[in-house]
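The structure appears right after this line, and notes come after that.
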């Protein structure tokens, strides 16, 4: 049986699990790959840093280039742009296939890496870069190769999913849950990448590119984080039969691709509504297959290592048996739509004076901008205290759910609502997905 | 660009959708397969039978053998054992790859077909044979190639899932829902294959074989259908926070593989609990990946055709670029356990006389057989009328949930409970899955 030489770059949470599994499951992996997967070495920055006990310290080296030079498959789990990018290009130049979990690198330099892999006629795999163990890259690249995808909707960031879950079940505010999540190690000390949606945006760009055979860059994804979500938003969602999730959404529209990340109302009956805590899930809507969902752990050393190893087995079997991973397919080359052009259903909560004719006034403003209303709910009245401490004007809340409308039309509607004398304020504007 | 010649055998619900999509999505499919997929002809029994308008009638032929002779890929969607089996073997002999959705054939003759494909060095694909559009064959053959699977749990039969759903939401009895489902065309006139679990058992055998790299035959799967489920069983499940689902289960135990199909209590928080109506889903538990779920439409022409076409694209790209589908891997060669050896958690509802000491008596019987109890709930009392029409003995219901126990120990427990003077009857025995 052939020997396939594997080089591992990086030995953190995921890397150490990859090393462990390569050793512990050697017999199984060999049977499936049709070759011995031989771990030649592990490139690290500091050989003396503390490591998982399962890691054979004699494999550690600081000389990544020599390791790459003698490898058939390079597993890149260092993260960050450089030197990861240079090492991957080096691997391709040496004729090695690459398995990476580096979403930031793919979002920033995907096309360059894809082209280099194709030129070298080797594989580039990256299942672990999106949604951890969830095989959604596989699903998009291969399982749906016979279908036309219309939408991809994903919960692809575990930290924000955990925070929104805690806010929902415990009625807490964002800041308190974030502080607790940081204390427990579920959120980073600098939580920006997660809570402001940047991590999800990188994954959204990768998903959109795969689904629509076009190049979508991370900075073309319209991003909104979850910092502005309040316990009152969540309570209102719960009352109306929804949960609020941070959704990475990529949709095919007539005139291009819409790629957004933002807090979204998901109906309780939608399969994404039941995705809790550290789990990730991606729903794919396709013309023939209708709705599919892939669900699993979005992070963690062992789950992510499982995704890495499935890619390693695929790359190894190509080395032994011929064939190769699907190449980057960008034949569709669709444009990415601006935020203004993007189309969604929205829910808008408007505080209004409780007077006759106010509903006509408000619904008229939506109509003027061509935003069609699917439902209006009126909250029980609230008496706002006047400045003198006595009961003042009665105010009620109208929750308006729209049909699909362009972001531009929505913004114009909101602006005019804010100017209207009948409107005391706009409490909330949030996207809504269909069941 | 190369031409890949495709022969289609069968032009029913799925076949006609495959023909339509091959035509409508020709440009996309060509880009992905790296070859023109040219539909050479469609073998049918009766050329003059009514067909979907999308089918080009000039492609129809009754001469399957000539069609197979000139094909690179044969899509078999005739169903049944013969002549499907002979045609597939014929295709392999002519060096063609085969894509099939025929679960009955695979469950009965899988090993023979696999061996013939390997001998001919061509592909055998069958995503559509299990759970329609849900890419679980892909998941097991490829996505989890780097992991060790411990359990597969699936809702793989839409008819029974629909019936149990209707019973749950409307409080109806099995017979009434079945009759209505037959009237609506959701259930066959002869519903045996569905409601008695045979369809699920064929799929269970395929899933178990793939998951554990061993051969599991359909008749080794222990099957129980849903005919015995009553509205009272469902009401009790609902009260206790469960739903009843027909679950195809394949688990790796220390001494072999356990493969069962039967009604099972699924906790509301389990991802399978939210799988409704025509949707199928398969949960895979693996050592490193932890829990994954694949969800989608389990039947229907277009969804199943989507799965068929993904297989066609994969087979075509192997013809053009080299490589091949994963071969049958049976290196583990684990034995399949008998029903007696199988291990599960159970819920047992026992009607008992409402007397002091009855709980001690009942729990003692479980203990005698080594069946450990995790919880006991006591239902409110019911007064059973005596023969004279006057109030008789007070009876209450004990619902005992066990820890994992062998089926043998459970049967012995039930037998002794039935003999006990304190026990008026056993109302219900049902498997329970963990959250």
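Positions of Cβ are set from backbone N, Cα and C atoms, glycine also.
Please treat TrEMBL annotations as automatic predictions, because they have not gone through curation.
If you look up TrEMBL, you'll see A:9, A:10, A:11, A:12, A:13, A:14, A:15, A:16 marked as NADP(+) binding site. If you take the C-beta of residue A:11 (NADP(+) binding site) and look for same-chain residues 6 or more apart in sequence within under 8 angstroms, you find A:19, A:42, A:44, A:51, A:55, A:60, A:77.
Taken from TrEMBL, the feature NADPH binding site covers A:103. For residue A:103 (NADPH binding site), other Cβ atoms within 10 Å of its Cβ number 24.
For residue A:188 (L-homoserine binding site), the number of other Cβ atoms no farther than 10 Å from its own Cβ, over all displayed protein chains, is 14. Per TrEMBL, L-homoserine binding site is recorded for A:188.
For residue A:203 (active site, proton donor), the count of additional Cβ atoms within 10 Å of its Cβ stands at 28 [all protein chains shown]. The active site, proton donor feature in TrEMBL is assigned to A:203.
Across the domain 'ACT' (A:347-431), the model assigns an average pLDDT of 87. Look at TrEMBL and you will find A:347-431 tagged as domain 'ACT'.
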Which one is closest to residue A:103 (NADPH binding site) in space, judged by CA to CA distance, out of the recorded positions A:10, A:12, A:13, A:188, A:203?
A:203
Return the count of C-beta atoms lying within 10 angstroms of the C-beta of residue A:13 (NADP(+) binding site), excluding that atom itself.
15
Structural state of residue A:12 (NADP(+) binding site), classified by DSSP into three states:
coil
For the C-alpha pair, I'd like the distance in angstrom between residue A:203 (active site, proton donor) and residue A:14 (NADP(+) binding site), rounded off.
18
Do you know offhand how many angstrom separate residue A:16 (NADP(+) binding site) and residue A:188 (L-homoserine binding site) by C-alpha?
20
Report the residues of the chain - excluding A:9, A:10, A:11, A:12, A:13, A:14, A:15, A:16 - with C-beta within 8 Å of the mean position of the site's C-beta atoms, for the recorded NADP(+) site, in sequence order.
A:8, A:17, A:18, A:19, A:42, A:77, A:78
